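According to Swiss-Prot, the features are:
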type	residues	note
BINDING	Gly886, Val887, Ser888, Gly889, Ala890, Gly891, Lys892, Thr893	ATP binding site
COMPBIAS	14-29	compositional bias 'Basic and acidic residues'
COMPBIAS	824-833	compositional bias 'Polar residues'
DOMAIN	153-408	domain 'ABC transporter 1'
DOMAIN	850-1093	domain 'ABC transporter 2'
CARBOHYD	Asn8	N-linked glycosylation site
CARBOHYD	Asn332	N-linked glycosylation site
CARBOHYD	Asn463	N-linked glycosylation site
CARBOHYD	Asn729	N-linked glycosylation site
CARBOHYD	Asn1499	N-linked glycosylation site
REGION	1-46	region 'Disordered'
REGION	816-838	region 'Disordered'
TRANSMEM	519-539	transmembrane segment
TRANSMEM	554-574	transmembrane segment
TRANSMEM	599-619	transmembrane segment
TRANSMEM	628-648	transmembrane segment
TRANSMEM	662-682	transmembrane segment
TRANSMEM	771-791	transmembrane segment
TRANSMEM	1186-1206	transmembrane segment
TRANSMEM	1222-1242	transmembrane segment
TRANSMEM	1259-1279	transmembrane segment
TRANSMEM	1310-1330	transmembrane segment
TRANSMEM	1346-1366	transmembrane segment
TRANSMEM	1458-1478	transmembrane segment
Amino acid sequence: MAPTEEANVTKPTGELRPDEKLNYEEDVKCSGSSSTTVGKTAYDTDDISQSQAAELQDLARQLSRASRQGGLDVENEPQQVINPFLDSESDPELNPDSKSFNVAKWLKTILQITSRDPERFPKRTAGVSFRNMNVHGYGTAADYQSDVGNLPLKAWSGIMSMLGLRKKVRIDILRDFEGLVKSGEMLVVLGRPGSGCSTLLRTLSGETHGLYLDEGNDIQYQGISWEQMHKNFRGEVIYQAETETHFPQMTVGDTLYFAARARAPANRLPGVSREQYAIHMRSMVMSMLSLSHTINTQVGNEYIRGVSGGERKRISIAETTLSGSPLQCWDNSTRGLDSANALEFVKSLRLSTKYSGTTAIVAIYQAGQAIYDIFDKAVVLYEGHQIYFGNAVRAKEYFIEMGFDCPSRQTTADFLTSVTSPSERRVRPGYESRVPQTPAEFAQRWKESEDRRILMQEIDEYNKTYPLHGEQLQKFQASRLAEKSRSTSKSSPYTLSYPMEIKLCMWRGFQRLKGDMSMTLTSIIGNIAMSLIIASVFYNQQETTDSFFSRGSLLFFAILMNAFASSLEILTLWHQRPIVEKHDKYALYHPSSEAISSILVDMPAKLAVAIVFNLIIYFMTNLRRTPGHFFIFFLFSFTTTLTMSNVFRSIAAVSRTLSQALVPTSIFMLALVIYTGFTIPVRDMRPWFKWISYINPIQYAFESLMINEFHDREFKCAVYIPSGPGYSNVSGTSKICAAKGAMAGKPTVSGDVFLRETYSYYASHMWRNYGIIVAFFLFFLFVYITATELVSAKPSKGEILVFPKGKVPAFLKQSKKKQDPEAASTQEKQPVETSGHDQTAAIVKQTSVFHWESVCYDIKIKKESRRILDNVDGWVKPGTLTALMGVSGAGKTTLLDVLANRVTMGVVTGEMLVDGRLRDDSFQRKTGYVQQQDLHLEISTVREALTFSALLRQPNTTPYEEKVAYVEEVIKMLGMEEYANAVVGVLGEGLNVEQRKRLTIGVEIAAKPDLLLFFDEPTSGLDSQTAWSICTLMRKLADHGQAVLCTIHQPSAMLMQEFDRLLFLASGGRTVYFGELGKHMSTLIEYFESKGAPKCPPDANPAEWMLEVIGAAPGSKTDIDWPAVWRDSAERVEVRRHLAELKSELSQKPQTPRLTGYGEFAMPLWKQYLIVQHRMFQQYWRSPDYIYSKACLAIVPTLFIGFTFYKEQVSLQGIQNQMFAIFMFMILFPNLVQQMMPYFVIQRSLYEVRERPSKTYSWIAFMISSVVVEIPWNALLTVPAFFCWYYPIGFYKNAIPTDAVTERSGTMFLLILIFLMFSSTFSSMVIAGIEQAETGGNIAQLCFSLTLVFCGVLVSPTAMPGFWIFMYRLSPFTYFVSAVLSTGVGRTDIVCAANEILRLTPAAGQTCMEYLGPYTKFAGGRILTPDATDMCEFCAVADTDTFLKGVNIIFDERWRNIGILFGYIAFNMVGAIGLYWLLRVPKRKSGVKQGQQPQKQANETKA
């Protein structure tokens, strides 16, 4: 940081001469308004910034160059120049918080100031030139779907490939690319999906995960090599992906403030602090992108309410802008924005490039002409080939000269991309045989062109002007160095110093906590509740030997609760990982800075939880009540919490996928619990697993807690042997305390002796253990911090199709065998042209007319009624394609939902009729609704998804064969033959965007809708060619008798010509126009022109012209109230007359047989169930990750437990160990439960969002099938779980003396099956009514903890406070433990181990039998030396039944307990169905108030 950077200096003066004023604001007017004034906030004001500085310097670079070239004379300006950062109030146009703010003037002013001091503000620009750029990857164009049967084979193939024993298939993605984009220029990248647009951007920006550059690539950034730019100057060339990754809990203002502060330079304008800089830059960018009104709104995501999707996209744009990179690659960043906001975004880029010299490379879909005209250059890609690069204006002429024709009113961008589509390009007459046909031919024509020769000449000249490692590199380095904090190293790509990064990340961490306190509060409240419950169970422990086991149990439970308090941090870290990796690529901060800051930010919450939990536990249970011992207890507990937090963070950081983190973690946690030293003492551990205890931090903590509690302490004996009648006068060495460590004749037992005899613990180990725990803490802290810097998340694969095994198409197999790069490329296959008859002829022609009149829709917002739709009229007739258009927020989708009977709240009034009759229960299943989101079951193939819809939604009277045959017709009609057997999958591994949209349409057509088809934004987010293909498909459907109503967002003129009628809505849901469009939309244009609108230019897009006419386009205004004009027009009178005519005539017409079915569903419930159950089984079979994870949980932990307690002896400790083996088996429960929930949620989401509204099948069929599908897998997995657990432990040996080995083995097998069935049905019950799997998992975990505490293992029912006995009886695990333990060890003699034998002296003159015989008759036990007279050896428990009675287990009740467990399973099933009905099934027909407008009547129902 420069010494003067914080000093207040005189503001520079000077102004531009009038004749030299930059006038670009006239060309690109980019001004925003802000409804919120940003005052000085309590942000940290330390040395933290660079992101915004980079941007300012970018601006400075351009102007200083202009000034040197004579473009600006800023040295001799007499008038004072305002510093916008300090004095913007004096000029509203420079104040981002003012409605008059002008971005162009602001930029000009900043550059005017910075250009006066080129030494303080050295400029930095980065154009890019590239030649011989070839990029390839490895993989296949198709893959076969994994399922339970073929996963091992697939895994083996993967291992072979990793070892290099199987040759990879090379896929060429980009071939021989060359280009030049100078600083200050904008390049638009055009091409169809799969043509390589994203790869081009990723390569230029250094995002090359999974990509490989060929030898000989020549990519230079204005004198800087590709390698040097992406190593030493990371963040100077950045890639902005399509996806939005932000912290949802943070406000928009804080999100952007963070980005501004992280890149705030050291060489800011004089007198401007980092805080002032960051706040002002944030306000400027928010104003520029019309985000000012969202400054205090949370960003949100799909689960957390926040800003809209379009606003979230603009936040990503703002964040990238604030990074201030001289070269920015934008990958489809306008996706999700309407055309107005997309245009504003591109204009803002133009301003940045013009004034600051930045370079923008933008891949954009559906670019309107106004957007395209802003760009300087264009590049056109065709399946990995470059077929044009050059001047954007020249591009159109280049292809016309080649022989292609551009239709009137087609935008240049659409024309250029249509050239790459054989079915859409138009050839001029006479050129049919002369134009290129294949991508290679296009590329060859480009290489032979004069345009390419000129380009290569320009590249040569450019590279000579900026030679590698020349003066430009030094300037670039000097510019970056000027921005960096003084303590930042020269080679670092980051602007801030490391401590500044940590401080800034801590600020953000606390803002995130403040934005969502629910997790912290839930954790504190949950821990208070759990501590109170546990403390009450172990309440006020007596200082006698009776408390030995319960004190151990308590400390065991306490240390586990402390240790695993941070286990969910794995999920938290994974959710934020994409954000941190993105910011690292932007060079905002080190990932390790975020790692350290997150530890520090979490510390107060951890400390609060630890204090509350441990205070309650310690003092309510009467643990050793001295200050010193409490603080030792707290110190070890809290240190263990921190250590285990680092352990879980390290696991998350070193894993490249979430499953890599979660599966080992569950087994890892099980190992830590078992080898803590309580469930199996150190001396009893088997040698092959004993090493685990040495690397287990919890084991050291538990030992120290036990030493802290028992060391140097005497416990009064609670029970003597012998005692009772006849032994009242026994004293001295003739009696002994019934506890380990007891000495004959001594009334107390030493805590130290007890620890030594039972656990092999020694007091000298306590502080040694603390040192070991701290060492673990430091080691895992180092691993965590190092891993965050070195390990990145696994990138997604390239776009490939996936097929079931054996169904990969022949053409893809051939490409794989021949290793033909072009055949194997990720190209998008064209729809197959079908020969013969038109496949759409198979569509059933619709005959009904759907018409509506005076439709209004009102909802209540903050107790005030708001009208969303206002007296909308219209109709849809068979064979017509009707467009529903309007400005953003006009209510287009809402009208579609109201008409389709899909709204769930509010008041709907008006008439909606089918052939003059009211809609009935069957209306929803008789209509098709193509939703905007393409929601399908990922594991289904295209054909299966279509068949599922046809089987369930076509009438029951239609034969099965006819339904299946119709599906084949739909596949041919939609051109889906090549991928009919392809799996839906996910984007990247499955269908691409267009294929998904076609499937969404196909699913609705396969249902043979009797009435009409609704389409909601079918072209949103698609490229122009895909949008065109979807519109032509809708046109084809309409031409064959379908009635189609489609919402569409500002389409091109070409798309609009496909529609017959238009319903146009203004804001507030008011009608602006309803009627015919006419040829070339002449009818529509005539209507508006006749009502006073300006003439529509011949080359204009009527859709955009119409928006300008009504004042809805950016910058447009109108004095005409167009909804009022429509309301009073003759056209509306004619619409009303025709509606009345339809109502009277059609109501008299008899209904066709297909329309007389009034049932809610097409199929009976039992058929629904069979079809849905079949799909559910199919889903599980094709989800090998889930099944094999489930199998791992059934095999690995049980095997681990089995060999941990291998061949346990029938001693007192052995029986207790066997009881703990059962206890450990139950710990699998939460993992099994949480594992199932996400799969249920996926199915339920699909059902509730798409299948339930369309009345595909009943919720009853869905719930029953989702519960039943688990049963066969549970039965199958019972086999390995039984053998891996039952036999290694040696339960079968206990049954040998009773001759009941077979019976007991069968009973144990049944009990394990019951356990697995209980787990799955309990999971179904918990998640049935809950939205998120995480919430369900937390509830299940809480229930599990309670049932585990009260099942009688850790605390016997006799030691339990009377209040909690009801929980003991309520816990299902009580009956499971009872049944398993009695089956496993019942009716067996106990053989005491040497350290369990009690030794005492008999009374004088008596043998041991004579002395202890009476005692054994009423108290039990076995005399091992009956004839001895000097020393008796006595085993306190003779048989296992006596041991079982001590924990309230009776052998003869095991079958009763099994019956009770079946009752719990049945309860879970009924509960799952009941909770789903209660919480998620709409209770009334429509869930809305409905009424008929003329009568103004509404039947009220609650949503």
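Cβ atoms here come from the backbone N, Cα and C positions, even for glycine.
Under the three-state DSSP scheme, Thr893 (ATP binding site) falls in the helix class. For the pair Asn463 (N-linked glycosylation site) and Gly886 (ATP binding site), the C-alpha distance works out to 50 angstrom. Outside the transmembrane segment (1222-1242), and at least 6 residues removed from its termini, the chain residues within Cβ reach (under 8 Å) are 666, 670, 673-674, 679, 937-938, 1179, 1183, 1186, 1189-1190, 1193-1194, 1197-1198, 1201, 1204, 1266, 1270, 1285, 1315-1316, 1319-1320, 1322-1324, 1326-1327, 1332-1333, 1336-1337, 1340-1341, 1344, 1348, 1351, 1353-1354, 1373, 1376-1377, 1380-1381, 1384. When the Cα atoms are compared, Gly886 (ATP binding site) and Asn332 (N-linked glycosylation site) turn out to be 24 Å apart. Cα spacing between Gly891 (ATP binding site) and Asn332 (N-linked glycosylation site): 26 Å, rounded to the nearest whole number.
Its own atom aside, the Cβ of Lys892 (ATP binding site) has 24 Cβ atoms within 10 angstroms in the protein chains shown.
Counting every protein chain shown, the number of other Cβ atoms lying within 10 Å of the Cβ of Gly889 (ATP binding site) is 13.
Residues 502, 506, 509-510, 513, 520, 523-524, 527-528, 530-532, 534-535, 554, 558, 561-562, 565-566, 569, 625, 630, 633-634, 637-638, 641-642, 645-646, 649, 781 of the same chain sit 6 or more residues outside the transmembrane segment (599-619) yet have a Cβ under 8 Å from a Cβ within it. According to DSSP, Asn332 (N-linked glycosylation site) sits in a coil region rather than a helix or strand. Taking pairs at least six residues apart, the transmembrane segment (1259-1279) and the transmembrane segment (554-574) share fewer than three Cβ pairs below 8 Å and do not count as touching. Under the criterion of 3 or more C-beta pairs below 8 Å, with sequence separation of 6 or more, the transmembrane segment (554-574) and the transmembrane segment (1186-1206) do not qualify as touching, having fewer than 3 such pairs. When Cβ atoms from all protein chains are considered, those within 10 Å of Gly886 (ATP binding site) total 26, not counting its own. Packing against the transmembrane segment (519-539) from elsewhere in the chain are residues 513, 550, 553-554, 557-558, 561, 565, 605, 608-609, 612-614, 616-617, 620-622, 1338, 1342, 1345-1346, 1349-1350, 1355, 1360-1361, 1363-1364: each is 6 or more residues past its ends and has a CB under 8 Å from a CB in it. The predicted model assigns the domain 'ABC transporter 1' (153-408) a mean pLDDT of 89. Long-range contacts of the transmembrane segment (1458-1478) within the same chain: residues 1259-1260, 1263-1264, 1267, 1307, 1310-1311, 1314, 1317-1318, 1321-1322, 1324-1325, 1328-1329, 1372, 1375-1376, 1379, each at least 6 residues beyond the stretch ends and with a Cβ under 8 Å from a Cβ of the stretch.
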